[in-house]
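Here's the structure, in structure tokens; my notes come after.
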Amino acid sequence: MELREEAWSPGPLDSEDQQMASHENPVDILIMDDDDVPSWPPTKLSPPQSAPPPGPPPRPRPPAPYICTECGKSFSHWSKLTRHQRTHTGERPNACTDCGKTFSQSSHLVQHRRIHTGEKPYACSECGKRFSWSSNLMQHQRIHTGEKPYTCPDCGRSFTQSKSLAKHRRSHSGLKPFVCPRCGRGFSQPKSLARHLRLHPELSGPGVAAKVLAASVRRAKAPEEATAADGEIAIPVGDGEGIIVVGPPGDGAAAAAALAGVGTRATGTRSRRAPAPKPYVCMECGKGFGHGAGLLAHQRAQHGDGLGVAVGEEPAHICVECGEGFVQGAALRRHKKIHAVGAPSVCSSCGQSFYRAGGEDDGEDQSAGARCAECRGGEAR
């Protein structure tokens, strides 16, 4: 049998062989795109996102069938309308049984009664100090938190109380709303005017000074209610009782006569009883009181006591000479004058208090008592 050697020739390729033959490098068939690689194990398909279920429909506002005939404001209850109408009529049916002060709402009377009862239901969680009103507690808590929400738009300085910001802004505006009716000099603070009134003898009396200071404070708060004509200074006195007319600055006689009650013109047709005198004036805010006890209670509640120490408040300013503590820096500065010039002495002749100059008491007979310079000068003459 004869064997023939035949040359090999490639035959027809199947689909898999054709795929391998189409690549230059057979390894390329093992490299697949990331999109073609199936994930394993297969992930579970999440259901299509659906919109959240709608919430309950908003509750309709109750009807407000009670309408105020003065301003058109509507209310849902008759009691609310009645309470609102008192703002137009001025009715104050709720009277305090202790002092007779009246209020338009019973809730205001409840708050006022705490002045007489001494009730302090609001306590600070940090230091335990108690207050009669929640607003005072909120202001006190800013001491612990350091919050100062009232910021000056001119310099950026912040304050814990709005009244402190209003007092500070006068330094930028140069406004001096507290005017002396004797000489026309203006002051930015009522206590500065109170000190200035001592320079005018006709205005330094207790009753007259209190009237001038209180009228100046009211005029500064509501300047549109006061009128000025022909160079006169018109100062309102009381609630619509009249206007004290003081002549141009420098007219001391007219000022004294007007402040004494001479030359006042009434603005109302109905005569009213003259207000009780308030000779005790607070040097911090200008508020007047009929009794010294009322002034003392006011100073302790609003400005601290006479030495600047508030009840239950930790003093932050300590005197290095004697160790006495003060809450306010101004009180400490006033106290340091005692160490600088000594304690005030009382004149044995006229009873006035005065400070001795350095070395003044060396040549004076202590047994005869201390005397002021005016009394000693009168004897010399």
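Backbone N, Cα and C define each Cβ position, glycine as well.
Note that the structure is a prediction, hence the values are computed from the model and not measured.
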When you get a sec, could you say which of 122-144, 214-236, 352-374 is annotated zinc finger by Swiss-Prot?
122-144
Going by Cα-Cα distance, pick out whichever of the recorded positions Thr117, Lys191, Lys211 is nearest to Ser132 (phosphoserine).
Thr117
Which of the three DSSP-derived classes (helix, strand, coil) applies to Ser132 (phosphoserine)?
coil
Tell me, how many other CB atoms lie within 10 A of the CB of Tyr122 (phosphotyrosine), whichever protein chain they belong to?
17
Counting across all protein chains shown, how many other Cβ atoms sit within 10 Å of the Cβ of Ser132 (phosphoserine)?
19
Among Thr117, Tyr122, Lys211, which are recorded as recorded positions, the nearest neighbour of Lys191 (SUMO2 cross-link) by Cα
Lys211
Separation of alpha carbons, Lys211 (SUMO2 cross-link) and Tyr122 (phosphotyrosine) (Å):
36
